[in-house]
């Protein structure tokens, strides 16, 4: 059975993609065939191949499967704003059915699928749909990325409570040092470990420049997630 996880963050710009790449690397190092999925992305750039989003490209690069870009990122928008706003402006509605169809396709190929959301837990995708709604519909275990900075404790606890109130399992959380560690950094981490009702998967240190190929998976320990910690190398599979 395919392992599936949904990555959300305490806010936007907290390093969800960096953490997602690290998670994919760690799962690959454990021997799993992996696929990263960024179903909705904004702030994309036009290339000769069409609109491309840097976060989605990073997930594509760190997947062990050879994935087509469209399989990783079915909805991509140029304007760097909330998805529900830009999709409405362009007349391109984001449909839950399309998100789920893309997930089914990856599940059919990969053993370990990581879905990265956009923004925070309640990011709206339309007037009637949020990322939280879709993750709940899919019953995806959640991994929370905490951008360690002033205010993160409150944001992290509120997000964790919202995930649990949706009936989903908070599978683990990652501390991502989005600013150079301050004087009370150790106390922040200790408080988060005490207050968050989920396993601590590791801390990604302050990294000024992180490329998609950067080796960052070693910062995380997936053993608390369960079966993803064991080696399960699969046979070669075709590109999606």
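Even glycines carry a Cβ here, placed using N, Cα and C.
It should be emphasised that the depicted structure is a prediction, and the values quoted were computed from it without experimental measurement.
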_Site co-member for Mg(2+) according to Swiss-Prot, given 17, 116, out of 11, 55, 133_ = 55
*Around the Mg(2+) site recorded as 17, 55, 116, what other same-chain residues have a C-beta within 8 angstroms of the site's C-beta center?*
7, 16, 20, 21, 36, 38, 41, 56, 58, 59
*Across all protein chains in the structure, which of the binding-site residues 13, 55, 116, 177 has the highest Cβ count within 10 Å?*
116
*For residue 117 (ATP binding site) and residue 42 (substrate binding site), determine the Cα separation and express it in whole Å.*
11
